[in-house]
Amino acid sequence: MLIIRNKQDLKEAILEQKKANKTIGYVPTMGFLHEGHMTLVSHARKETDFVVMSVFVNPTQFGPNEDFDAYPRDEAHDAKLAEEGGVDILFVPTVEEIYPTELATKLHVIKRASVLDGADREGHFDGVVTVLTKLFHLVNPDNAYFGQKDAQQVAVVSGLVEDYFFPINLRIIATVREADGLAKSSRNVYLTEKERKEAPVIHEALQLGRELIESGETNEAKIVQVMTDKINEQPSHENIAYLALYSYPEFTPVTDWTKGIIIAAAVKYSKARLIDNELINVKRR
C-alpha cells in the first residue's frame, strides 16, 4: 500500500492506473476506521481493480460548536487497517493541501438538505459536497462507496453527481452494526459504559417504525410517537435531535407510502451524537 499526502503524487499514481485500463474504486472517509469502512473497502476490492481510500477530517462540514478538533484521529491505526483490507493507495492530505487558499466559489445544496442533519447542522452538507467535488476530481474513480448509515449524505451526493455529470457510479452499502444492533461509528468511542449499553435502542426504535409502516400504518404522528417512547425507555441520552419520516431520496413529506421512505434518527448523548436510519421500499445500488 502506498501512502500519499499531496495532490500531484496522487494524480500521477491514478493516471498510471488509468493508462493500464484499471478501474478505480474510491472510499472517502474521515478516518478512525472501523468495520463499516472496511466493508466498503471489501466491496470496492471485489468490484474494481484498484482501491483508493482517503482519510481527511474535513473542516468545512463541521459547525462552530461541533467536534472538529476533538474528532478521533489515529493515522497509524487507519494505515494498518487499510493495508490489511487491501487498499492500494491511502490518501492522507493536510487541510492546507485540500484548502490551500480561501475558496473563491461556493457550492450550496438546495434540495435534500433542509431537514434532519441539514437543519440540525447548518452548512454541513455544503461542506460535504465541497470536499467531495475536490476529492472526486483528484481520484477520478469509476465507483465511489458510501454506507447507508449516512443516507441523507448519500442522497445529497447523488444529487451532486447527477447535477455536475460526474462519471461516477455511487455504490451504497448496507449499514454495518455491532452484535447488539448499534450502527458502527467512529463516534461510538465517546459513549460512556451506560450509554453504550443503552444506545442500541435507536436501532430498535427504527425497526418498530419499519414494522408499523410495513403493516399498513400511515399515521406519521403515531409512528414517530411509538419510536420516541421506545428510545425514552433508555434514559441515558440527553435528547432526541430528530426522529422523522420522509420520502427518499427527495426528503419531502411522505405522500405515497408504497415508494421510498426513510425513517431517520439522531440522538444526543453526553459526548456523542449518533445517527441511524431505516430505508423502506428503497433498492441499494
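Placed from the backbone N, Cα and C atoms, the Cβ positions cover glycine too.
Summarising the annotation, Swiss-Prot assigns ATP binding site to 30-37, 147-150, Val176, 184-187. Annotated active site, proton donor per Swiss-Prot: His37, in sequence order. The (R)-pantoate binding site feature in Swiss-Prot is assigned to Gln61, Gln153; the stated evidence is sequence analysis. Per Swiss-Prot, beta-alanine binding site is recorded for Gln61.
Overlay of Swiss-Prot feature records on the structure.
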residue	record	contacts (Cβ under 8 Å, 6+ apart)
Met30	ATP binding site	Val55, Phe56, Val57, Asn58, Tyr71, Ser186
Leu33	ATP binding site	Val55, His77, Asp78, Leu81, Ala82, Ser186
Gly36	ATP binding site	Gly147, Lys149, Thr175, Val176, Ala183, Lys184, Ser185
His37	active site, proton donor	Val27, Thr29, Met53, Leu81
Gln61	(R)-pantoate binding site	Gly123, His124, Phe125, Asp126, Gly127, Val128, Val131
Gln153	(R)-pantoate binding site	Asp117, Phe125, Val128, Phe146
**Request:** For Val176 (ATP binding site), name the DSSP secondary structure in the helix/strand/coil scheme.
**Result:** coil
**Request:** Using a 10 Å cut-off, grab the number of neighbouring Cβ atoms around the Cβ of Val176 (ATP binding site), all chains included.
**Result:** 18
